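Report on the structure given below.
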């Protein structure tokens, strides 16, 4: 029996009590929870129910009767359609407060820990919260008689929203994407059709090194064949000297994953170089690197503040990517060991260590939950561990290993408060949370990064 008093299509007034983990407004109508994208805490609004479930209603914003002082006009022309950003309509200072609250909500929802007893610090923001993303991944589609469009899929859909400019992207990523889009149209290169499974070019990926100016272009294709390749490469080389690496990645899977397993060089170098905390890093096409290089240094500074190091410690950098975090700490510890499931990332990490003259690091391809127990069996026990997992959080096998290993210091760098809270509830068996530091890596979105210092409990 449906306990929800709301019917689909119904319009009703609502007061927004708080904002949710996806940046939506939350209110209550006859005690039933209502989620309203685009609404802000404290606003009095009129909404229309678009999806009704037993326990909640999703509604669209029809009218604002009382506007929040934190409401601003979103500067992006496709903001509401695109879905890439969720908070452009919220003043930046209020975005930072919301992100701290999102961390609190996650603790409340996924653990039995009382967040009022935790030290959750104010969110560290950016001075200029725009044009920060160093990487773009724009989908392609063919419209009309041969016109090529590039953009992002709308929120919860596979409807492409054409994007001419994106104001959270580094300008060069947009410049390169638009140039390549026009080349694809000029030469009539077949564009991938998701429904039919036909066509060739699926996605245009561009990544830039903000400190070096080096830029990499990757054609994601449905086959090894890339028509008019020679002509396009010649035009790119002539018009875009900043593009120092051009790669092709083949992805024939019918999935939402951008990259396939096979990547090869078309022109220039295999990787681009970026600098971070006075270190140099080579980035290959599939390797993970933080998307906001400006805030990454702030993030790593917070990790550095969290750890107490004397120089005699052994440190594990789990989910190490190209080795950025571990190599930033290599000069402060006896040994760093890192692992990652992407072979190219480990190759990059080894090359980066050599480039930076760092000799006390060891890297291995594999899952953290498999590699760490293997190292322990071989006699290696870390004094400190840094985990920086993907949005899915730490594998449960790794959590078990961490509890078995009992490193005195554990720093968890999270990009998803929900999975962070889930993992903290498990780690609480042996660790206590010293503090949580939210960092805004993705202004204008509901995403929040959190640095958590955990300390082994006394036995």
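Note: Cβ is positioned from N, Cα and C throughout, glycine not excepted.
Listed features, source Swiss-Prot:
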DOMAIN    5-63  domain 'TRAM'
BINDING   76, 82, 85, 166  [4Fe-4S] cluster binding site
BINDING   290, 319, 340, 388  S-adenosyl-L-methionine binding site
ACT_SITE  415  active site, nucleophile
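Annotated features, which come from Swiss-Prot, shown on the structure.
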residue : record                               : contacts (Cβ under 8 Å, 6+ apart)
76      : [4Fe-4S] cluster binding site        : 82, 85, 88, 166, 167
290     : S-adenosyl-L-methionine binding site : 296, 299, 324, 441
319     : S-adenosyl-L-methionine binding site : 339, 340, 368, 387, 388, 389, 390
415     : active site, nucleophile             : 390, 391, 441, 447, 449
Sparsest-packed of the listed binding-site residues (82, 85, 166) - C-beta count within 10 angstroms: 82
Residues flanking the S-adenosyl-L-methionine site, with Cβ no more than 8 Å from the Cβ centroid of 290, 319, 340, 388 and excluding those residues themselves: 288, 317, 318, 320, 321, 324, 325, 389, 390, 413
